[in-house]
Amino acid sequence: MSGLEAIWWRERPGPLGALAGAPLLLAEAPFRAAAALRGALYDRGVLPAVRAGAPVVSIGNLAVGGAGKTPAALAVAARLAGRGRRVAILSRGYGAARADARVASDGAGALLPAAEAGDEPALLARRLPGVAVLCGPRRAELARTAVEALGADALVLDDGFQHRALARDLDVVVLDASNPFGNGHLLPRGPNREPRTALRRAGLVWLSHADRAAPERLEALRRLARDATGRAPVESRHAPTALLDGALREAGSLEALRGRRVAALSGLARPAGFLRTLEALGAEVALARAFPDHHRFTGGELEAVLRDADAAGCAWVVTTEKDAVRLDAALAAAAADRLRVVRVDAELLRGADVLEAALDAALAAAPQPRPAPRAPVS
């Protein structure tokens, strides 16, 4: 975590932290004004929101990075697919080398590597066979392709709360219950893209990492969610569900980590959560290498981490599934036995019935299913 991010996520910065963040005070004001103006233009219809021709469920957040949107998007897409819907996920594709519209998966299998699709679309495509994944900055264009070319009849808009150019039928806002707003400020003084009053636009609040939140904080967030949306929140924890090797094949039980000396490799917005996961699994983290969020690892970087891990007496280099799709594939496969990948999923602790009811409402005006297109789009 950089020095700036440390200021962002420190909830009580103290005198020194406040002093360090003071130069950003003047920069926060124009960002706040611009966000408010943009929101008002959408609220009044001056800026239009395009209808997609299929129900849209947006998964987003207020802060930048690390709230747990990807597990939430996986869970929502899987639930929609389980209802017999032809689901497509629309993603910005952060970390991709290209910025044009791309089909990362047509629902029959992944078509693009993470370098072209972005890490989150690549992970979603891998985890959700049968679900199309499209990526690019113009989500309305992606929605049109998904509906007209791929026959999608339900769309999941990943990281879409601020992307108001595409109309949605349900806005799900994910908050990290252990630290939802950081220092409370907007960019660049703090981590938030909008003030918490923006939650009034949401249809549902999803509290991730609810197992890590103090009881009094959790109750306060429940009240905030109910006041903003009229619904109780969904609450979840990040539950480790599988252990994979460097080639992303099953590699035995998660119990294999217990008592093992390991090196942790990550490129996440908030890597401390990954370290806590490893420690909870009983691993001894002897070495930690944290890169910036969405970092595309080079072969040289992976080789260096493997060497350092060997020197530290580590049995494995362990990373997240989201990071694993950004590793050099050939080198990761060659070093498969020295790498381990921890898969995590969102385990619902409370609010499963609330989520189902919210999805029911979003799908209420859904068009009748149409025949799938005759030929896949490449």
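Yeah, the Cβs are placed from backbone N, Cα and C, and that goes for glycine too.
Residues annotated as ATP binding site in Swiss-Prot, with sequence analysis given as evidence: Ala63, Val64, Gly65, Gly66, Ala67, Gly68, Lys69, Thr70. Within 10 Å of the C-beta of Thr70 (ATP binding site) we count 22 further C-beta atoms, all protein chains included.
The Cβ neighbour count for Gly68 (ATP binding site), using a 10 Å radius and every protein chain shown, is 24. Secondary structure at Thr70 (ATP binding site), as computed by DSSP, is helix. Shown are the binding-site residues Ala63, Val64, Ala67; of these, the residue with the fewest other Cβ atoms within 10 Å is Val64. Cβ atoms within 8 Å of the centroid of the Cβ atoms of Ala63, Val64, Gly65, Gly66, Ala67, Gly68, Lys69, Thr70 (the ATP site) belong to the same-chain residues Asn61, Val174, Asp176, Ala269, Arg270, site residues excluded.
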